[in-house]
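S.K.: Not my notes, these are from TrEMBL:
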type    : residues : note
DOMAIN  : 36-387   : domain 'Protein kinase'
BINDING : LYS65    : ATP binding site
Amino acid sequence: MSMPSVSYKYIEVLEDYRPGGYHPVQINDTLHHDRYQIVHKLGHGTFSTAWLALDRNSSTYVAVKVGTADADKDEVDIPSRLAMADTDETMIPRVLDCFIVKGPNGSHPCLVTTPARCSLIDTKDASDSGLFQLDVARSLTFQIIKAVAHVHSRGYAHGDLHLGNLLLRLPASLNDLTIDQLYAKFGAPKLEPIVRLDGSVEPLPAGVPSHAILPVWLGLPSDDISLSDAKLLLSDFGVAFRPADKAKCESNAPLVVRPPESYFEPTKRLTFESDIWSLSCLIFELFAHRSLIDGIIAPQDDITAQQVHLQGVPPPEWWDKWDKRSEWFDGKGQALSNERDIWSWDRRFKQWVQEPRKSEGMETLNSEEAAALLDLLKRMLAWKPEN
């Protein structure tokens, strides 16, 4: 009987420990001439694993991002170019070091930065309410707008803006902890042995680690984040690009925040403005308890229908090529659904922002601020990038 294929939310796909894939890293490994001692796991992405390490030269904790062997090497270069002397002002993680690790799966680009506490999506997931305090939401909004503006001013589009790529800084007091004290406060690494499912008694290949490691939780629930905790870092430049130099047509952003031009004009190069659509969706989510577009696993046509409910009928050349529009709208763009099934801007704002805040005893936006925020977000969600 064949074994079922199982995947886990907090662990990378183990089958990606292969030539071209992840580098096998274990706790207490040392990297780059024994300088960086691996202390804990921070997380993973499609093209990297991230680790908390002790820099033996400075006796401080750092984050080491170990890319897959087939990862775009530009991610090492881009943050270095973006993080200027005013790093604290630009919210770009400071690049402390970069090097290559050679292993059984290939050569892996490694990026050393200041460590982060957690992503904004993780801190919302850790909260029963999924909400930030209003002053924190305002501060985070200001910071992400400033960070994206800085990236654009340096000639880059980020290309993958979502809450998972927005990180909270760790307080400097972490460096006061020894490794044992760190484990006492946050827990020791949790290891699970990796076993073969093919029935073979052969040992694991050299490119596969002996254990899978769960990431450490250094964060706080979103509603416990104070204004002093709300210090933002914009991360993950793996798909960032320079529109002036590189023709990039495919968007890597999640569907719920992906700009519509990537769907309607898949052969047209993306621009800085593609980030603005994603940014608008992201800002809404900072104030709300859920995403603006509903449905992480919704198909593209469901996403497009919601976008039309929010922004009205798209330009004719897009509207005419949307084959499934008749499932949601008549020929004039009027919704076929009952009014109670249509989620307008006002309805989403009331039921996903104001009412959850009120039920949690949190401050709500006054009518003037709410109107200003909605006006801003609507203008950022222009159908055409040039608009």
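Note that Cβ sites are derived from N, Cα and C of the backbone, with glycine treated the same way.
For the listed features, I'd like the structural context: burial, neighbours, distances.
M.R.: Cβ contacts within 10 Å of LYS65 (ATP binding site), excluding its own Cβ and spanning all protein chains shown: 28.
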S.K.: Averaged across the domain 'Protein kinase' (36-387), what pLDDT does the model get? Just tell me the whole number, please.
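M.R.: Averaging the confidence scores along the domain 'Protein kinase' (36-387) gives 91.
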